[in-house]
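As structure tokens, the structure follows; a few thoughts come after it.
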Amino acid sequence: MDFQTLHQLSKTELHCHLDGSLSLSCIRQLAKMIDRKLPATDDELRRLVQAPADSENLGDYLKAFDFVAPLLQTKKALQLAAYDVVEQAAEENVRYIEIRFAPVFSLAGGLSLVEATQAVIEGLHQGMATYDIMAKALVCGMRQLPNTDNQTMFKTTAPLLGSTLVGGDFAGNEADFPTNVCAPAIKTAQSLGVPLTFHAGECHCPQNIAEAVRLGIPRIGHATACFDQPALIEKIVETDTTVELCLTSNLQTKAARTLAEFPYQALKKAGAKITINTDNRTVSNTTLTQEYQRYQQAFGTTAADFLAFNLNAIDAAFIPDADKKSLRDQLHQDYATYC
């Protein structure tokens with residue numbers, strides 16, 4: 001399929017970070033709101049908000065987020081940011097997206113955790129009112145923060161769970177703060193009934209994936225380090241765990257140093273539930289259409305595969321069964337021409 005056809009395909013996305021996915025025009029608008037001076041050209045701005053293609057590791061990659069954080073400190077800014085990411089997704093025919101963010105990073109201007117979360121929810125509502133897309137939010141705990149901070153965040157935002165805020169995640173410095181360190185906060189979120197996904201296996205650490213699966217987390221973000229771990233892959237399949245793959249990002253962070261270290265083929269062969277995601281549209285300079293093209297070029301992924309992966313995403317989405325049925329029906333209809 002050529003790029004235009006891939007663009008036209010209906011898509012779903014479970015793993016997209018708000019602060020890593022803002023368009024350059026949105027970044028300029030947010031900067032103007034706080035009188036922050038930006039480079040005159042987009043090429044110069046890109047160098048500030050995109051991670052280097054040759055990032056040394058995940059920590060190096062995460063530095064790109066520091067530039068955007070000060071721009072997301074007001075309700076209006078968070079609303080605009082959420083709307084912007086929905087708009088980008090809708091433009092490439094994404095039918096369902098979950099956008100994740102860490103409310104704790106938007107408190108410097110005086111917002112509360114609830115206010116920051118509500119602002120993102122409002123931005124998603126505005127996006128859905130404009131575009132034919134279903135957009136949901138996930139709140140992220142940050143593994144480098146004390147468990148008490150993450151527990152407070154989940155306790156504070158859990159009452160907002162409903163039609164738009166649908167779940168939670170843990171992101172951040174995995175190498176220094178492995179899964180077992182986060183376990184108390186994970187268990188708190190689970191006790192509150194927060195559906196969870198979890199970043200694991202992004203730093204050559206399969207044990208973090210295994211521990212997340214053992215803790216009963218139904219979705220794993222990245223899971224890159226399982227590529228040469230057949231027993232772990234078998235456990236992922238046995239537990240019906242869904243994997244949120246992020247190809248471009250993993251190559252950039254050296255989570256996968258080569259395509260051979262990316263777990264797509266091993267997971268697919270084992271029958272694992274795979275989904276395709278951007279991770280960070282801006283920081284990784286990608287779109288979901290570009291991700292599809294890379295899978296097609298690298299692995300020969302077909303339209304039937306893409307349909308299956310999208311159906312996997314809908315099955316794993318943190319939404320009611322009625323919404324899942326509607327989305328499944330739409331996907332089958334939209335892919336009938338291609339499969």
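Just so you know, glycine gets a Cβ as well, placed from its N, Cα and C.
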Residue among D84, D132, D279 sharing the Zn(2+) site, where TrEMBL lists H15, H17, H199 as binders: D279
C-alpha spacing of H199 (Zn(2+) binding site) relative to D19 (substrate binding site), in angstrom: 16
Length of the line joining the Cα atoms of H199 (Zn(2+) binding site) and H222 (site 'Important for catalytic activity'), in Å: 6
Beyond the site residues H17, D19, G172: chain residues whose C-beta lies within 8 Å of the centroid, for substrate: L18, G20, L62, F65, R100, F101, A102, F105, C140, A171, N280
H222 (site 'Important for catalytic activity') and H17 (Zn(2+) binding site), Cα-Cα, nearest whole angstrom: 13
